[in-house]
Structures are given as C-alpha cells and as structure tokens.
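*Asks:* Quick paste of what TrEMBL says about this protein:
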type: BINDING; residues: C15, C51, C89; note: [4Fe-4S] cluster 1 binding site
type: BINDING; residues: C166, C170, C173; note: [4Fe-4S] cluster 2 binding site
type: DOMAIN; residues: 6-126; note: domain 'MTTase N-terminal'
type: DOMAIN; residues: 389-451; note: domain 'TRAM'
type: REGION; residues: 444-475; note: region 'Disordered'
Amino acid sequence: MTASRKKLFVKTFGCQMNVYDSGRMIDALAGEGFESTDSIDEADLVILNTCHIREKAAEKVYSEIGRIRAVKEARAQSGKDTMIGVAGCVAQAEGEEIVRRAPVVDMVVGPQSYHRLPELLAQARDRAVVETEFPVEDKFDHLPAATGTRLRMGGPTAFLTIQEGCDKFCTFCVVPYTRGAEVSRPVGAILEEARHLAGAGVREITLLGQNVNAYHGADRDGGLRTVGLAGLIEALSRIDGIERIRYTTSHPRDMDDDLIAAHRDIPQLMPYLHLPVQSGSDRILAAMNRKHRRDEYIALIERIRAVRPDIAMSGDFIVGFPGETDADFADTMDLVRRVAYAQAYSFKYSPRPGTPAAAMDDQVPEPVMKERLAALQALIDQGQKAFNAAMVGRTIPVLFEKPGRKPGQLVGRSPYLQPVNVDAPESLRGQIVEVRVTSAGPNSLFAERVGGGTQSEGTDSGRTDSGRAAMEAVS
Ligand code: SAH
Ligand code: SF4
Ligand code: F3S
C-alpha cells in the first residue's frame, strides 16, 4: 500500500503562517493518497507555498518554477508525470498572471482555499486552474486534522494559526490584500487542535496570526461572547502537556491590559515578545498608517516590563520608507537603543504593487537604504550579543528539540527563544531540562546540564513522560 502512494513535495517561503499552512496542505492531500517527501525528484506533485511581502520574495517563485520545470522534464523522460502548484501569497496576489508567465504551472491556489485542494487538483489534470476567491465557508471547518505521523515528525514544538488576515492597512504592506480581512478561529476549535498536538507529544505551541493579539474568537457558548488572546492563552494553559505558549505577530495597538497581565500570571506564557514597530520616527509612523506614536510604543514596553521584567523584546524595522530622512532614521536608531531588543529583523523598504506607499513621492535611493540597513543591523547585532552574553552563568529551562551541532548534543530553546546547545542524550528530546549557560555566541548559547542529572531531571518530567507515551500511541 505505502509503496504505491503518490509523493508530494512542498517548499515553503515566507512567514510561520505559511509553515503552518504547508502542514495543513499535506494533511488535506493525505486523503488523496499523497505522502510528503523531501526529495523533489520523486515528487508527483510539487507545491510552492509562496510569500509576497517583498519583491525579492515574490521573484523567487519564478526562479524556483524554472528549476522545477527541469525536474519535470527529466521525470517525463522516464514516463513520470509531475504536477506543479503555486500556493500562498504570490498565488493570491498574482493569480492568472502566474500561469501566463509560467505555463508549466498546473494549479494556482490562494491561502483561503486549501480545503479545496483535492477537487482543484482533480480539475487541474485537464487544464490549469486558478482559485483566488475568498470563499464564504471557513477553510478551517473543512481541513482534515493532522495525522500522528506528521505531528511526530514535527518534534515537541508546533505552530497553531488562531487568526488570519489583517484590517490595519499599513501603507507599505500586501498582507491585507493577500490574506484578506481579519478572521479569528473559534476557541473550541483551537483548544481541540491544541489537545491533539499535546497528545502527539507537543510541549510548546506558538499561536500564529498576522495580528495575533487582535484575536477575538467565538467562545464555547455558541459564539454569544468572544474571547481575547489573554483568555485563549489562559484556556490553553490548562491543557495537560502544553508547557510553553508563545504568540506572534503582535501589533502595538492591540496589546491590551489583559494580555499584559497574562505575562505576569500565566507561567506557561514565555517571556518573549515580538512587537514590531517598523520605525522610530513619528512622521514615518504616521505615513505608514501605524496609528501610534513612538512614545506610546516605549510606554507600552515599560508597562510590559513592569509586570515581566525579564521579557525579551523583538521587533521588525523597515529602513528607507518613502520620505525617510537622516533625522527620521536617527530616531529609529535611538528607539532601538532605548528598547534594548534581544533580537530584531530589519528590511529595506520594498515597494509593493497596489499599496499606497508604492505611489508616494520621495522614494529613498538604494545606496541610502543599504547604508541605513547596515547601520541598523550592526546596532541590533550588538544588542543581541549583549543579551546573549548576559545569560552566561544563569540556569535556565531548555526544551530539547533536535540533534545539536556536535554528536552527542541536543539543541533546544531557552524561554527567550535562543537556541541552546547542550551535551545530552537523545532520550531527553521533547523534555524541558534545567541547564547552566557556559558561553554565548552571537546567535546561540552553550550550556551544561545541572547536577550531572539523570533522565528524570527537568522541571516537568512526569508530564513529559506521559506525553511521550501518548506520542507513541498516536498512529
Ligand atoms: N503583522 C505584522 C507584520 C507582518 S509582515 C506587523 O504588523 O508587524 C512582516 C514584516 O515584513 C513587517 O513587520 C515589516 O517589517 C516587513 N515588511 C512588510 N512589508 C514590507 C515592505 N513592503 N518592504 C519591506 N519590508 C516589509
Ligand atoms: Fe501588514 Fe500592517 Fe497588517 Fe502587519 S498590521 S500585516 S504590517 S498591514
Ligand atoms: Fe509572506 Fe504572506 Fe506571510 S506575504 S510574510 S507569506 S502572510
């Protein structure tokens, strides 16, 4: 039976939500007899799950299709068919244009239609299909749950999408167009998925949404009331086996009092917060339509740090937004110094078709953007190094995820999301173990187990052991 299964190769670009979606597409096609493979050469169906956020990301799709065409031709020589699908945000944004530009593509499917993959695939056997409507039904109501096999391969951490789309319309951003309006999944469906994950051995869940803290899902009373992110996290923290909860990406305007309090009151909620600000200049923030000022952002972080002093802050920045002057950029550098981020991402502004900023005057020349990006990245790196160095000598819990850099090592994550390499036996994979940090690199930590420990050491070994048993039990 297994030998005759068709093979599916999915390549994922972009954000964590695409990683999550790729998993759901694999689940949706498992029912059609597809099994996922890491080798494109044996794939009967190749799906590119694409990202449209910056020009470079979008252009990758076409170079990738070129490569797959070569694989398809080579397979055809030995009588094998290969179908090519383009999913994700480029599919949504470009639709028909993809098939025009790359006729080798059989199927284009936007993120809201993944539950229709089986029927679209059947249609695509006759002619190319393009599906970029926003359907009235909710794809999550129709997508099958993940199988135990796929969950086990994912290890002890998992993503769980709770909210999709965005109503904020920052002037630089394509997300409101590619992912549509903000929609929150109901609490009951999320809890059910989380229990399923916990039963398969998952210890840490990262809740995903383009505006995850704008979450307001229908409660289990039939949707009479809605629950915010803090309430959802509280409910998730009661699930046996879920020992760590994270969420991303948040918008500063949706950081309410309950969510701030959750960082004080819910031990499973990890002390790490990705809270993008994009710019430190009030003028640029206004032009970006971010709808808050820099001092409000700084005050917000002070309030969060007041309840959770050790919280590690992360952010996103865009340099060279249209009209950004040296003084505006200096404001961004100043904000980065004041916030002291544990880490952050920074990007050169990329004009995106159809967004208001792309039509603005005063586009910043490439060499200026390049220079600003280098300066900002150097400052962020410096902050990250200092944050990592400050961990040396501390004892912290690490959730071991996979083999580490060297044989005999495992790598896991600290509460602050730093990768930590430790000499540890394979049997500790999936467990949370106390380790002492011995040294720090720019991007990761090195640590040793405390007390020479046995396999049963760790903060919650009883619970993780039962999780492990459950993990074996899932097919
Ligand atoms: N919802 C999140 C961001 C999602 S997009 C938020 O509001 O913060 C991820 C990041 O990509 C953004 O935070 C931004 O820094 C970057 N980005 C988005 N559009 C961009 C563009 N046109 N050019 C450069 N970077 C961009
Ligand atoms: Fe894009 Fe702004 Fe929405 Fe974030 S909040 S996804 S940056 S439009
Ligand atoms: Fe990219 Fe779409 Fe995510 S544009 S960043 S894959 S929401």
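From the backbone N, Cα and C atoms, a Cβ is placed for every residue, glycine too.
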*Asks:* Tell me, how many other CB atoms lie within 10 A of the CB of C51 ([4Fe-4S] cluster 1 binding site), whichever protein chain they belong to?
*Replies:* 21
*Asks:* Using DSSP, break the domain 'TRAM' (389-451) down into helix, strand and coil residues and give each count.
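*Replies:* For the domain 'TRAM' (389-451), the helix, strand and coil counts are 6 helix, 33 strand, 24 coil.
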*Asks:* Let me spell it out: for each of the binding-site residues (C15, C89, C166, C170, C173), count the other Cβ atoms within 10 Å of that residue's Cβ, using every protein chain shown. Which one has the most?
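*Replies:* Of the binding-site residues C15, C89, C166, C170, C173, the most buried by Cβ count within 10 Å is C89.
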*Asks:* Looking at the binding-site residues C166, C170, C173, which have a C-beta within less than 6 Å of some atom in ligand 3?
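*Replies:* Cβ < 6 Å from ligand 3: none of the binding-site residues.
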*Asks:* How many whole Å apart are the CA atoms of C89 ([4Fe-4S] cluster 1 binding site) and C173 ([4Fe-4S] cluster 2 binding site)?
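*Replies:* About 12 Å separate the Cα atoms of these two residues.
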*Asks:* Quick one: which of the binding-site residues (C51, C89, C173) have their CB closer than 6 Å to ligand 1?
*Replies:* C173
*Asks:* For the binding-site residues C15, C89, C166, which residues place their CB under 6 A from an atom of ligand 2?
*Replies:* C166
*Asks:* Please work out the mean pLDDT for the residues of the domain 'TRAM' (389-451).
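*Replies:* Value for the domain 'TRAM' (389-451), mean pLDDT as a whole number: 96.
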*Asks:* Taking the centroid of the Cβ atoms of C15, C51, C89 ([4Fe-4S] cluster 1 site), which other same-chain residues have Cβ within 8 Å of it?
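*Replies:* In sequence order, the nearby non-listed residues are F13, G14, M17, N18, T50, H52, I53, A57, G88, T178.
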*Asks:* With the [4Fe-4S] cluster 2 site defined by C166, C170, C173, which remaining residues of that chain have Cβ atoms positioned within 8 Å of the Cβ centroid?
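*Replies:* Near the [4Fe-4S] cluster 2 site, the remaining chain residues are K168, F169, F172, V174, V175, P176, Q210.
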*Asks:* Looking only at the domain 'MTTase N-terminal' (6-126), what are its DSSP counts of helix, strand and coil residues?
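*Replies:* Tallied per class, the domain 'MTTase N-terminal' (6-126) gives 68 helix, 24 strand, 29 coil.
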